[in-house]
Amino acid sequence: MAKQIAYRLLKECTSLRNAKLLHQQTLIRGTSKQMAIDIISMYLSCECPSYALTVLEHLQPSPSLVYWWNVLIKKDVHIGLFNDSLSLFSRMTGMGWTADHYTYPFVLKACDARKMFDEMCQRGVTDKVSWNSIVAAYMQSGDSDEALMLFMRMTTSVKLLPDVVSLVNILPTFGSGGALEHGRQVHGLAVRSGLFDDVFVGNAILNMYAKCKMMDHAKKVFDVMEDKDVVTWNAMVTAYSQSGSFKDVLLLVEKMKEKRIEMDVVTWSAVIAGYAQRGHGCEALDVFRQMQISGSVPNVVTLISLLSGCATAGALLQGKETHCYSMKCILKREGVGHEEDKMVNNALIDMYAKCHDVSSARCIFDSLTFIERNVVTWTAMIGGYAQQGDANDSVKVFSEMMRGSSTPNAFTISCVLMACSRLSALRSGKEIHAYALRNRYENSMLHVANCLIDMYSKCGDVDAARNVFDNMKQRNDVSWISLMTGYGMHGRGEDALEYFDGMLKAGFVPEGLTFVVVLYACSHSGMVDQAINYFNNMTKDFGVIPQVEHYACMVDVLGRAGRLNEAVELINRMPVEPSQIVWVALLSACKTHTNVELGELASKKLLEMDSENDGSYTLLSNIYADAGCWNDVARIRSLMKKSGIRKRPGYSYVQGKKGNTTFFVGDRSHPQSEQIYKVLADLILRIKELGYIPKTRYALHDVADEEKNDLLSEHSEKLALAYGILTSYPGAPIRIIKNLRICGDCHSAITFISKIVDHEIIVRDPSRFHHFKKGSCSCKGYW
C-alpha cells in the first residue's frame with residue numbers, strides 16, 4: 001500500500017522540495033527499478049539534472065536505461081556545456097555502461113567536430129573520409145540542410161568525386177525533403193561513376209524515389225538492380241505498402257517466396273503498417289497471422305502497426321491479445337528504449353479508445369507519469385474521449401494538459417475542438433481559437449481551421465464560422481463542405497448554395513458528399529424546387545450517381561414540405577433497395593404532418609429490417625398520439641416494453657456563466673427550482689395574452705386538457721429557457737441544447753417568448769438549430 005501511495009505521489013509531484021521528500025521516503029522504504037526511473041523523471045521535470053544523475057549512478061548498467069544518460073548528455077549539449085557532456089560520457093563508460101546509437105551523435109557534437117574539420121580545410125589536409133565523416137555527423141544529428149550544403153561543397157568547390165559512403169550518406173536528405181531534382185542528379189552521378197551497381201547505393205536511390213512518392217522511378221531502379229538483398233526487397237515492399245498499392249505488395253511478396261527470399265520482421269511490419277494506415281484493419285490482422293505462422297518474431301514497429309489495425313477494425317479482442325503480448329515481451333523490458341515504451345503505450349490508448357473501451361484507455365493513461373506522457377499520449381486520450389462522445393472528459397484532459405509542461409500540437413487542438421462541437425461549448429471553443437491564433441495554428445494547419453468552422457457552426461455561431469473561412473489562406477473541399485453544412489444546420493439554405501457556387505468557381509469538383517450537404521441545406525430551408533433540380537442534374541452535370549443517402553435527403557425534402565405522396569413515389573422508383581435512413585426520413589415526415597397510414601407503412605418496413613430502435617417506435621407512437629389513436633399508442637408502448645426497448649429520456653441543458661445546467665421533464669432538483677417555475681409560469685401567462693394557445697396534442701398522454709397543459713409547461717426546454725432568463729445578463733444570447741427533437745408546443749411557446757424578452761434564444765436539437773428572435777424562428781416551419 002505504501003508503495004502504491006509513493007507511486008501516486010511521484011506522478012503528481014511538481015516541486016523540488018516535494019521531490020526531495022518523496023525521494024527520502026522511497027529510500028527508507030526501499031526503491032524498485034521502476035520507482036528509481038520515476039524519481040529520475042521527476043527530478044528532470046523539476047529541472048534538477050544533478051539529482052537525477054545521483055539516482056542513475058546507483059542503478060545497475062542496463063541497455064534500456066542508457067536512455068537517461070542520453071537525456072542528460074543531450075541536455076548539456078543543447079545549452080552549450082560541451083565539456084560537461086563529455087565528462088558525463090566518460091563517467092558513464094567508466095561505470096560499465098555501454099553507449100547506444102543515440103549516444104554518439106550528441107557526443108560527437110560535443111567534441112565540436114565542425115571546428116576541427118574547418119581547421120583541416122584551412123590546412124588543406126581534408127580527404128574523402130573526412131568529408132564523409134562530417135556529412136554523416138550532421139545527418140545523424142538531424143541537420144540535413146547543413147549535410148547537403150557540405151556535400152555540394154565537396155563535389156563542386158573541392159571537386160572530390162563521391163564514393164559509396166558519400167552517396168549513401170546524402171541520399172536520405174533528398175527523400176525526406178522531397179528534393180526530387182537533387183536526387184535525380186545524384187542518381188545520374190551514381191550511374192556515371194559506376195557506383196549504382198553497389199547494392200547499398202541502389203537501395204538508397206530506391207528509397208529516395210519512394211519517399212518522394214515517385215513509385216514508377218522506384219520500380220525502374222528495383223528492376224535494373226542486378227544485385228538485390230533483403231533490404232532491397234523490403235524497401236520496395238515498404239514503398240508499395242505506404243502508397244496503398246496492396247496488389248503490388250502481394251505480387252512482390254509472392255516473388256520473394258518464389259526466389260526463396262525469407263521475409264523478415266521488416267517486411268512483415270511494412271505490409272501490416274500499410275494496411276493499417278489505409279484503414280484496412282482486418283487485412284492487417286490477417287497478415288499478422290501469416291507472420292506468426294512463418295515464425296517471424298514481431299518487434300515494436302510491428303505491434304504498433306498491429307494495434308493501429310485493431311483500432312481501425314474495432315477488433316478489441318485482438319487488441320487485448322496484442323496488449324498482453326506487449327506487456328510480456330516489450331514494455332519495460334531489457335533492451336527496449338524508453339521512447340519505444342511511449343510509442344506502444346500511445347498505440348494502446350488509441351486502440352482502446354477507437355474500440356469503444358475508453359475506460360481501459362484511461363487506465364493506461366493514468367498509469368503513466370507526466371514525464372512519460374508526450375503530446376501524442378495526451379492527444380490520443382483527448383481524441384478518444386471526443387470521438388466516443390465523452391466530450392466533457394475530453395475538455396477536462398485538455399485543461400489538465402495545459403496546466404502541465406506538454407504543448408499541444410495541431411492534432412490536439414483539432415480533437416478538443418471536436419469535443420467543443422459536441423458540447424456546443426462556445427466559450428471553450430473561443431478560448432481554444434484564441435490559443436490557436438496566438439500560437440499560429442489556424443494559419444499553418446488547414447485541419448485546425450476546418451475544425452474551427454465545424455465548432456462555430458455546431459455551437460450556434462455560423463457567422464463566426466464564415467469569418468474563419470474567409471480568413472483562410474488555403475482551403476480544401478472539407479473547408480467548403482463544413483461551412484455549407486453549418487449554413488444548412490441553421491436554415492440558411494441560400495447562403496449554403498451561394499458558397500456551393502463559390503466552391504465550383506474555385507475549381508473544386510463536387511462529389512457525392514457535397515450533394516448530400518446541398519440537399520440537406522435545401523431541406524432545412526424549404527427550397528424544394530432547388531433540391532429537385534440539383535438531384536435531377538447532378539449525374540448529367542457532375543457525373544455523380546445518386547446513392548441511398550441522396551434519396552433519403554430527397555424524401556426528407558419532400559416530406560418536410562408535406563409532399564408525402566411524391567416522397568413515396570420517389571422511394572418506389574429507387575434503383576436500389578431503400579435502406580433504414582430512407583424509411584426513417586419518411587416516418588419523421590409522417591410525424592410532422594400526422595399521416596398515420598404512411599407512418600404505419602414506414603414503421604412496418606423498418607421492423608422488417610430488424611430496426612428496433614427507440615426512435616422509430618417513438619415516432620410511430622407520437623403519430624398515433626397526434627391522431628388521438630390512444631389504443632395504438634398503448635399497443636406500441638407495450639410492444640416496446642416486451643422487446644426491451646426503452647425510450648430515451650429527453651433532456652435539455654443551457655449554457656451559463658459557470659458551465660452547463662441540465663433539466664429533465666418535470667425537473668425539480670435544481671436549488672433554484674421554485675424561482676425557475678415562477679419565471680416560467682409568468683412567461684406562459686404573458687404569452688397567452690399575446691395569443692399563445694398550448695398545443696395539447698404534444699402532451700402525448702390520454703389525459704384531460706388541463707393536465708396536458710401542466711405536462712407541457714414542464715418540458716425540459718421550457719425549464720432550461722426559464723433558468724437561462726433568470727441567470728443571464730440582459731441581452732445575452734441564451735443557448736439551449738436538446739438531445740431529442742424540439743417539441744412542437746415548446747417551439748410555439750419559445751417563439752412567443754422571444755417577443756417579450758431581450759434575448760436571442762438559440763436551440764440546438766439533433767436535427768438543426770432554431771434561432772428565436774422578436775417573435776420568429778429561423779427554421780420558418782421547416783423542422
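The backbone N, Cα and C atoms fix where each Cβ goes, glycine too.
Worth saying up front: this structure is predicted, and the values here are computed from it rather than measured.
Going by TrEMBL, these are the annotated features:
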- 127-157: repeat 'PPR' (REPEAT)
- 198-228: repeat 'PPR' (REPEAT)
- 229-263: repeat 'PPR' (REPEAT)
- 264-298: repeat 'PPR' (REPEAT)
- 374-408: repeat 'PPR' (REPEAT)
- 445-475: repeat 'PPR' (REPEAT)
- 476-510: repeat 'PPR' (REPEAT)
- 691-783: domain 'DYW' (DOMAIN)
Tertiary contacts of the repeat 'PPR' (374-408) (same chain, 6+ residues out, Cβ under 8 Å): 45, 342, 345-346, 349-350, 352-354, 356, 358, 361-362, 365, 368, 415-416, 418-420, 422-423, 425, 428
Within the repeat 'PPR' (229-263), what mean pLDDT does the predicted structure show? 83
With DSSP, how much of the domain 'DYW' (691-783) is helix, how much strand and how much coil, in residues? 38 helix, 16 strand, 39 coil
